[in-house]
Amino acid sequence: MQCALYDAGRCRSCQWITQSVNEQLSAKTADLHRLLAGLPVEQWCSPIGGPEQHFRNKAKMVVSGSVEKPLFGMLHRDGTPVDLCGCPLYPASFAPVFSALKPFIARAGLTPYNVARKRGELKYLLLTESQFDGGMMLRFVLRSETKLTQLRAALPWLRAQLPQLRVITANIQPVHMAIMEGETEIYLTDQQALAERFNDVPLWIRPQSFFQTNPTVASRLYATARDWVGQLPVRHMWDLFCGVGGFGLHCATPQMQLTGIEIAPEAIACAKQSAAELGLTRLHFQALDSTQFATAQGETPDLVLVNPPRRGIGKPLCDYLAQMAPRFIIYSSCNAQTMAQDIRHLPNYRIQRVQLFDMFPHTAHYEVLTLLCRL
């Protein structure tokens, strides 16, 4: 992939950009083999790749500059701003949004936050696009509610320019730290969730719910999990760290009993909405801590699917799963190192199948799906 920002030395986020996609995939595969060394794997499935560019469905932009000439991108360690509007990871549909937002910021009087001076209001712009219908969600991350009235007053102009903006919010992040969002979310539109659809499964994206940033590869990840589960005798399943329910909603059948657990209430609201649309009455999603939920249960499901954050599921949950001993475990991980550590804490399981998904091209990161079977 050619990137003018990288060539000019202005951005180094894509550290592997000088390697071909095939070289990147080979290096990631070798890394996964290294991490799972000593753990016998019955079947290595071929890795799954995706688009080289324009694949990312989300932009997280630091806003700097002035209210008359705002700049969207990032700040170097020394505070130097870099405009990332031309990043080739973004789809072409983002460009007109960025172009319209620059004069809008002046209209609304949203002074960019100055980190050095600790002054200003607008900290970040967070933009998400649905590949299903092209609808977008825009979040203004503000230091306070001071400019809310001005923001609301200026919105009709922005919505006339960008009718694809379905969900617009103001997130309040008052802390002088590099934190992307605060707890308070103020909706500025009637619609509060963005409609998405993978493999004919309806999904919803709300402001504070995690959603994969590479929809092409994510849809194949979910479809693969559905295929694997469909080959197993599963009547009762847990989906832990379930997010908006992507895995569970793909894997569930009308006959299956499935419980999805996720600590973020916004994500659970999305999952419940999808389950209702699908008419799956035996799906139950709850906003709880996954480890606390699992260790408090007296019943053993046929299959436990886990999709934890980078830190992994941790030894307490590993120990409980080893003791509870469901027949199958599917582990989806964005950090194969912690996944390998967790699997080593499950000595009564064998690895039946492993597949790598290149969710994060041009970086060392990748997603991996692993099927474990009880010995």
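Any Cβ shown, glycine's included, is placed from N, Cα and C.
Swiss-Prot annotates Cys3, Cys11, Cys14 as [4Fe-4S] cluster-binding residues; of Cys87, Cys242, Cys251, the candidate listed for that same site is Cys87. Using a 10 Å Cα-Cα cut-off from Cys334 (active site, nucleophile), the binding-site residues that qualify among Cys3, Cys11, Cys14, Cys87, Phe241, Asn307 are Asn307.
In sequence order, Leu5, Tyr6, Ser13, Ile17, Leu84, Pro88, Leu89, His362 are the residues of the same chain, not among Cys3, Cys11, Cys14, Cys87, whose CB sits within 8 A of the CB centroid for the [4Fe-4S] cluster site.
The Cβ centroid of Gln212, Phe241, Glu262, Asn307 marks the S-adenosyl-L-methionine site; residues of that chain outside this set whose Cβ lies within 8 Å of it are Phe210, Cys242, Gly243, Val244, Gly246, Phe247, Ala267, Pro308, Ser332, given in sequence order.
Classification of Cys14 ([4Fe-4S] cluster binding site) by DSSP places it in coil, neither helical nor stranded. Long-range Cβ proximity for Asn307 (S-adenosyl-L-methionine binding site), meaning a same-chain Cβ under 8 A and a gap of 6 or more residues, is found for Asp239, Leu240, Phe241, Cys242, Gly243, Phe247, Ser332, Ser333.
Residue annotation for S-adenosyl-L-methionine gives Gln212, Phe241, Glu262, Asn307. The furthest Cα pair among them is separated by 15 Å.
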